[in-house]
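The disulfide bond annotation in Swiss-Prot covers C63-C113, C157-C209, C263-C308, C350-C397, and the record cites sequence analysis as its basis. Annotated domain 'Ig-like C2-type 1' per Swiss-Prot: 39-130, in sequence order. Feature annotation from Swiss-Prot assigns domain 'Ig-like C2-type 2' to 135-224. According to Swiss-Prot, the domain 'Ig-like C2-type 3' annotation covers 241-324. The domain 'Ig-like C2-type 4' annotation in Swiss-Prot covers 329-413. According to Swiss-Prot, the feature domain 'Ig-like C2-type 5' maps to 419-506. The domain 'Ig-like C2-type 6' annotation in Swiss-Prot covers 511-605. Annotation source Swiss-Prot lists domain 'Fibronectin type-III 1' at 612-710. Sequence annotations record features per position, and here Swiss-Prot assigns domain 'Fibronectin type-III 2' to 715-812. According to Swiss-Prot, the feature domain 'Fibronectin type-III 3' maps to 817-913. Feature annotation from Swiss-Prot assigns domain 'Fibronectin type-III 4' to 917-1008. Look at Swiss-Prot and you will find N78, N200, N206, N463, N479, N500, N527, N777, N832, N920, N942 tagged as N-linked glycosylation site. The GPI-anchor amidated serine annotation in Swiss-Prot covers S1014. What Swiss-Prot records for 897-922 is region 'Disordered'. Positions annotated as signal peptide by Swiss-Prot, on the basis of similarity to another entry: 1-30.
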Amino acid sequence: MGAPARKRASLLLLLLATMALVSSPGWSFSQGTPATFGPVFEEQPVGLLFPEESAEDQVTLACRARASPPATYRWKMNGTEMNLEPGSRHQLMGGNLVIMSPTKAQDAGVYQCLASNPVGTVVSKEAVLRFGFLQEFSKEERDPVKTHEGWGVMLPCNPPAHYPGLSYRWLLNEFPNFIPTDGRHFVSQTTGNLYIARTNASDLGNYSCLATSHLDFSTKSVFSKFAQLNLAAEDPRLFAPSIKARFPPETYALVGQQVTLECFAFGNPVPRIKWRKVDGSLSPQWGTAEPTLQIPSVSFEDEGTYECEAENSKGRDTVQGRIIVQAQPEWLKVISDTEADIGSNLRWGCAAAGKPRPMVRWLRNGEPLASQNRVEVLAGDLRFSKLNLEDSGMYQCVAENKHGTIYASAELAVQALAPDFRQNPVRRLIPAARGGEISIPCQPRAAPKATILWSKGTEILGNSTRVTVTLDGTLIIRNISRSDEGKYTCFAENFMGKANSTGILSVRDATKITLAPSSADINVGDNLTLQCHASHDPTMDLTFTWTLDDFPVDFDKPGGHYRRASVKETIGDLTILNAQLRHGGTYTCMAQTVVDGASKEATVLVRGPPGPPGGVVVRDIGDTTVQLSWSRGFDNHSPIAKYTLQARTPPSGKWKQVRTNPVNIEGNAETAQVLGLMPWMDYEFRVSASNILGTGEPSGPSSRIRTKEAVPSVAPSGLSGGGGAPGELTINWTPMSREYQNGDGFGYLLSFRRQGSSSWQTARVPGADTQYFVYSNDSIHPYTPFEVKIRSYNRRGDGPESLTAIVYSAEEEPKVAPAKVWAKGSSSSEMNVSWEPVLQDMNGILLGYEIRYWKAGDKEAAADRVRTAGLDSSARVTGLYPNTKYHVTVRAYNRAGTGPASPSADAMTMKPPPRRPPGNISWTFSSSSLSLKWDPVVPLRNESTVTGYKMLYQNDLQPTPMLHLTSKNWIEIPVPEDIGHALVQIRTTGPGGDGIPAEVHIVRNGGTSMMVESSAVRPAHPGPVFSCMVILMLAGCQRL
């Protein structure tokens, strides 16, 4: 007997011996043991920056892994395993490492956590513990810094020793008077130095550098000694920019980091800063007119050369540097937990990206893995041949470059298992359709893979025209008939053992389509019903499914277009509501039971607006015209009638219809000329097609093109000016936007002359963003009118000239002081000031007067100032101290500044009013009036006299309060009979002003009585405030 025959006989004996056991009612399967798995990190240590001066007495590095059985933990410092004994400074709490009383000398370094259980060991990513510090500034006095007013200056910070980097601010004279970040001042966050582009008198003073360290646990700031900035006589000359704060020629950055380039220049006028990317374009989200260029999250696309340009009317200066972008390792492909059969081969692979390119190595149970025997290590590949049980364990792929290290972990479980059907037995009942085909899988759990054999009853099945056993053990029976019913058993065997599983095949009637859907043509927006009816085996449930071009139709989508018929189980009609172009195609109706199915197709054609044209190409580019061509898109079953062309430019980004030649573009055209474009402008174009059913989606945008240059066609606007230093004519205008520049090399051409003069002077000002020009000449008198015109130019020529505007040269301060200044206190907190006005002079337009006042005994430098908003010759000054003598001067002012001071005048404010309100209020009531009486208020020696009393009265019928004055300590006021309540306030008045009020609240009680509530309140807010309440009752004319 041959080997195949012996094997078949052996399996037959196994079949006969086990069939009774399989069918025995006492047969059962025991449950598997609880799953075990190796450590998987849930929390890994992260780097810490610990302040050397911290009050904290410990540092915790976290580590936690999920594992079964639970993991145990070890730690390494700088690659050496740590001795974590009880009572030492290093304690293990769970998986966390706690370092007590950390110091830089003993504890700074690289830490790793190791988690282990019987399955294997994994190591965590590395965590670096660093120690931060910030020392104090030197106690030595700083030398004064001297320069000329109008020059630029740099004040060095010279920060103390520190780690890591700092942030910087500067103080002027006192805290918290911080130097603002504006176009004239700049604080370098690289060096801490303070730069002033052009100094002026307001910069005089003492400066201190404030350095701040931001650590993980705390923030610390230190101040430098003050350094005095002294300014020599002003140098009125203009200077071209000179860049003083420069970014380095090369700046390295990691992907995702923020990159900051610094650039600041000295110059007069103050230079404007502009940034550009030499070999690309800047993101619109980045600030491009600031001393710093910040890239919030740098990417490889941001690598390149960047240029900073500082420009003013006297010239320009530039600096360039390159940003080089690198990256930490990042996984492209990682390993995953794997179960493999004993004796099989396995190939694991991992791949990482990074710059520089990462190196890859492997660990097994936390130890380096090298090629040996059956294991081959090839960079990112790990290969096993003929796996055995000892290969099980925890594996890690490690990718590293100079910027970091990453770990990918996986468990390898090598299995040796006898065939086992407990998790995946053969189906007990296997229904099949007559005339159809059935596949019965046999997939026992086994390692190595089991040999499969099938039987029907006691007959071993082999391959035939109707029966096939596939390589994976699946039994396939075709053209099924009633004779195929019965028990089918799958036998599985490997060197570990044998097993089998049985199922019963039951043959049912086939499913058929009795009414198939019909093809149809519809328009967009129409409704359509596709019919589909079927017959089936009555013992089974029937379901209908629909597909469109082999994709399932979604009936449950909210707001969808499909509805399903639900009249009868054998009817599966599909209705399309408000059909769209995307609903056209081949629909398939499938009627299915659990054993078989039948299907029929129908084609739905949906007519609609045309699809987008394609291939939009721009050629024959002129200054205001281009020629467009395109290819026809789908007409969607309705002829194209016409085309519409649109364009957009970068400034607006909005698509607008353009003029064309021909004006109306017919449906058979594939080219047209675009008219009326702007010269030297970037454009994108798109094309839309229309038919009788509407206009379709536009084409994709064309490639961006730039029209040719032309002479500017529009004059600049907003011509004005004035101001500046003596001897200067400052001319301002509105910079022309990109769409009106018409070409490169753009700038402005100014013409100006003294009013009445015959000859014009000209000045050429480069730069589209320039918005002012300063002409300096010592011969220019203050506030001299000039006639000014402006035009723009580019490299193609000069544009049209604007209308003439009158601009005045810089004003000078008034030369004459006001005379006959008089001042007198009008209350305890106010005084009146008057003066004889000065005449308008030729130095400028007088805007008003500045009143300076200070207390006797103080210096004039401490004076407060108020300005009039017009040319009034008197004013009231408020907010003064009571019973205080003040000195007062008055000066005229214009836009250039204030003139000389008048001789000082003196004024004495009044004593304050009495702080006591009127008390002991009594009353007499009649039907139409209320008489109130109170004790006279006697002022103290430090209070002003009382000349009378003010009474403020308001009732619910009269929302506007009425003021009554009396020089006596009583008053009678009318009280309408129909009021509900009224409010009365009584206070003293006199030379020192009004005193604190006593408030009386009157509420009518019935027809003949009212209640009076009295309280003394401070006049802090307008609403009624009640305290120290006194309640009186008014009843007829009697006093209680």
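Cβ from N, Cα, C; glycine included.
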Handout entry: Between C113 (disulfide bond) and C397 (disulfide bond): CA-CA distance (Å)
Key = 16
Exercise for the section: Let me know how many other Cβ atoms fall within 10 Å of the Cβ of N463 (N-linked glycosylation site). Expected result: 10
Fill in the blank from the handout: Beyond a gap of at least 6 residues from its ends, the CB atoms lying under 8 Å from the region 'Disordered' (897-922) belong to 813-819, 821-831, 833, 835, 838, 850, 852, 856, 880-891, 932-935, 937-940, 942-944, 946, 949, 969, 986-998, 1000, 1014, 1016, 1030, 1039
Completion exercise
For the domain 'Fibronectin type-III 2' (715-812), the candidate among 39-130, 135-224, 241-324, 329-413, 419-506 having the most Cβ pairs under 8 Å is 241-324
Exercise for the section: May I ask which of the recorded positions N78, C113, C209, N777 is closest to N463 (N-linked glycosylation site) if we compare their C-alpha atoms? Expected result: C113
Exercise for the section: Pick the one among the disulfide-bonded residues C113, C157, C209, C308, C397 whose Cβ has the fewest other Cβ atoms within 10 Å in this structure. Expected result: C157
Practice task
Select the closest residue to N78 (N-linked glycosylation site) from the following recorded positions, measuring between CA atoms: N200, C308, C350, N500, N832.
Solution key: C350
Exercise for the section: In three-state terms from DSSP, label N206 (N-linked glycosylation site) for me. Expected result: strand
Completion exercise
Cβ contacts within 10 Å for N942 (N-linked glycosylation site), all chains included, total 10
Practice task
Give me the non-local Cβ neighbours of N527 (N-linked glycosylation site): same chain, 6+ apart in sequence, Cβ-Cβ under 8 Å, ordered along the sequence.
Solution key: T575, I576, L577, N578, A579
Practice task
Between N479 (N-linked glycosylation site) and N200 (N-linked glycosylation site), find the distance joining the two CA atoms and give it rounded to the nearest Å.
Solution key: 102
Practice task
Run through the domain 'Ig-like C2-type 3' (241-324) and tell me, per DSSP, how many residues are helix, strand and coil.
Solution key: 3 helix, 48 strand, 33 coil
Practice task
By CA-CA distance, flag whichever of C113, N832, N920 among the recorded positions is nearest to N206 (N-linked glycosylation site).
Solution key: N832
Practice task
List the residues of the same chain that sit at least 6 positions away from N832 (N-linked glycosylation site) in sequence and have their Cβ under 8 Å from its Cβ, in sequence order, or write 'none'.
Solution key: A823, K824, S826, S874, A875, R876, V877
